[in-house]
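Asker: This is the structure I want to talk about, given as structure tokens.
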Amino acid sequence: MAASPDQFRGHARLPHFAAPLRYDLRLRPDLAACTFTGAAAIAVVVSAPTRFLVLNAAELDVDRASIRFQDLAPTDVAQFDEDEIMVISFDRELPFGEGVLTMDFTGTLNDQMRGFYRSKYVYNGESRNMAVTQFEAADARRCFPCWDDPAFKAKFKLTLEVPSDLVALSNMPVAKETVSGLTKTIYYEESPLMSTYLVAIVVGIFDYIESSTSEGTKVRVYTQVGKTNQGKFALDVAVKSLDLYKDYFATPYPLPKLDMIAIPDFSAGAMENYGLVTYRDTALLYDELLSSASNKQQVAITVAHELAHQWFGNLVTMEWWTHLWLNEGFASWVSYLAVESLFPEWNNWTQFLDETTSGLRLDALAESHPIEVEVNHASEIDAIFDSISYDKGASVIRMLQSYLGAECFQAQFLSDGSSGPGMWIVPVTACCGSYDAQKKFLLKDKMDKINIKEFSDSQSADGEKNQIIWIKLNIDQTGFYRVKYDDELAAGLVNAIKAKKLSLMDKIGIVEDSYALSVACKQTLTSLLRLLNAYNDESDYTVLSHVTSVCLSISKITVDATPDLNKDIKQLLINLLLPAVIKLGWDPKDGESHLDVMLRSLLLTALVRLGHNETINEGVRRFHIFFEDGKTSLLPPDTRKAAYLAVMRTVSTSSRSGFDALLKIYREASEPQEKSRVLGSLSSSPDQDIVLEALNFMFTDEVRNQDSFYILGGISLEGREIAWTWLKENWDHVLKTWKSSSLISDFIESIVPRFTSEEKAVEVTEFFAGQVKPSFERALKQSLERVRISARWIESIRSEPKLGQTVQELLQADA
């Protein structure tokens, strides 16, 4: 073995000659100074000859004089910042078997929402700090030196020294507590075996509500003081989910308690820490009066997802981040199973196709990645927490469940229209004329044939024999693949949609496949518009959520592709959605369904984005009444987003009262959902100067770093050029302020893909040349690919000879 610590540099993972068995950690956070001190005693087993101990440490000041392994003092301690490792060298080989490694260290409660960090909140009118941990994927090393790799499971015994008036939580229940003056010392029970990324600590002032599962496990929801009523819904979902999962997994919940807590500053949606699940406020809190129906649904899905991890991910853990998709994909899939059981009226499995669609759209990029992806550096891990790992992973699991374990094949579908190198076995399902006549088979080669007579309904609805009514492949969209029909088969499906012969899932699948094929230039926009016209009397939320998404995409692309036709195309799309809006109106109705409440919000927002003047004017009217009287029933939470967007469409530099009014609402709002609704509208003005002002508002202390994506996601098409200029001018500041991969990627993914020309793709490439980092490299490549895909789609649209004629025909048919 080489004598130098340098041999351990540049490796993705730590060596396995020594591994931790147990961590005894003592931490003392100073919330005023935003620092912490710590001491670690780690039981380590040495299993191969070595005179080194190699573990992870980042942004920690380790007291080298305090380091001991048994009675051995190190001869050298080297910290390699780029690899985030610490190499402890000794003058002799370490004895085989178990020994204890001890050391003292200090660190900073950072403001980066990773590691051991600080989050701001207001208590009794005074701004305070709470101490919070977020260790997934590789940030436990920012709190204490450790083997920060999911495979190195160990037991954890934590001790915290905190001010005596604060609440201090960790993964396990409190075993003992002592008080000395203004400080209390809390000793927690030892945990079962767990990975470092699941360790959690939260220190602050909180209230809680509690309940128990059928097995007696205590479940609590912690909130800021005075907000416990907003935790009741999540608490109910949690208790019921734990009972459901206990039976589903045939294994009891593994820990003696479960705490869930809302954190004001939180980079992700939630984190499944063992026994102490942390959430962004909006993902855990629900207020019957102030939250929307979609907020309620998102809370249920998020809670069910995180609690599924308590078994699948925490109890049983992936060996390395390569297998993240199985961890997240399964939790996503089973969360829908749980919510479908708890709220069957939400039609949740049909809404699951939102996940499938998201996964398919990202997977259609050449710069996508397999669900299992090699990870060569810790900085690369965050980038794979994406729609492939979550949504494609969940969809593949659903497909396998549906097909009893078959693996997936078709050539690879890419949005740029090319054929990728990948080939798979595809589990194909088909029905012909009726769902009573179905066939399943494995497509193993590039081409295969099936005899329709083997499974077709031999008689049509009007009694005419041997007439094929329609053929649908990929029944209920259980398969993770696209389907292209020839003109005759496509016409049959259009008739089936109009005749209401198809399931909701198949109606969604047909429009999503057709849209994807149009983007890939394998089908014309003309034919896509004709297909959309078949949905003109659709009233189901789950279907219309996909139809509106496709409509908005068409509206955006035709601004650049066919500006002369854009107004007429928008009117065509408005006509498609208007009948359902007229039925629903702006005002909620007694006894209406959860899905209709969400549909109203969806359609009103879409009509505003499409420029429907009547909807915009009504939204502005209701907003002004609401601004004067916040208790009016004219603008409940579910329709506020549409009204806020309507106001911003009328805002300009010379007429900015609506913008200022929204800022006033933002500043006075105490609920995170309301704040996010306002932020999501501020950058949607057609005036570039207002867009710039909204973007700069992100840099003020009034906007939490975690909430930047709301403003970024709302940027108007008219504001894309000023947003790109702003990003270039502020890129260094963005990199310094937003450290996590997902937050940095938001800036790129929200601005770059709004462009549609090869020239802009070249400009973006030139700007980032020489300064690309692993944390955002994948996001940049995918964004540039989307720009080029849009550019090719535009060229294809411009070459369609019958597009204008078809638009006029469809408009006349609507008249």
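Glycine is no exception: its Cβ is also placed from the backbone N, Cα and C atoms.
Curation plays no part in TrEMBL annotations; they are all automatic predictions.
Copying in the features that TrEMBL gives for the protein in this structure:
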type	residues	note
DOMAIN	20-198	domain 'Aminopeptidase N-like N-terminal'
DOMAIN	233-411	domain 'Peptidase M1 membrane alanine aminopeptidase'
BINDING	HIS305, HIS309, GLU328	Zn(2+) binding site
ACT_SITE	GLU306	active site, proton acceptor
SITE	TYR390	site 'Transition state stabilizer'
DOMAIN	470-788	domain 'ERAP1-like C-terminal'
Asker: What Cα-Cα separation, expressed in whole Å, is found between HIS305 (Zn(2+) binding site) and TYR390 (site 'Transition state stabilizer')?
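Answerer: A Cα-Cα distance of 11 Å.
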Asker: Tell me the Cβ contacts of GLU328 (Zn(2+) binding site) under 8 Å, same chain only and six or more apart in sequence, or just say none.
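Answerer: Correct list: PHE385, SER389, TYR390, GLY393, ALA394.
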Asker: Taking the center of the Cβ atoms of HIS305, HIS309, GLU328 at the recorded Zn(2+) site, which other residues in this chain have a Cβ no more than 8 Å from that point?
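Answerer: Near the Zn(2+) site, beyond HIS305, HIS309, GLU328, sit GLU272, GLU306, ALA308, PHE312, GLY313, ASN327, PHE330, ALA331, SER332, SER335, TYR390.
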Asker: Just jot down the residues in the same chain as HIS309 (Zn(2+) binding site), at least 6 apart in sequence, with C-beta under 8 A of its C-beta; none if empty.
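Answerer: Within the chain, HIS309 (Zn(2+) binding site) has Cβ neighbours under 8 Å at GLU272, ASN327, ALA331.
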Asker: Provide the number of Cβ atoms within 10 Å of the Cβ of the residue listed as 'active site, proton acceptor', excluding the reference atom itself.
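Answerer: Excluding its own Cβ, the residue listed as 'active site, proton acceptor' sees 27 Cβ atoms within 10 Å.
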Asker: Of HIS305, TYR390, the recorded positions given in the record, which has the fewest other CB atoms within 10 A of its CB?
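Answerer: So among HIS305, TYR390, the recorded positions given, the one with the fewest Cβ atoms within 10 Å is TYR390.
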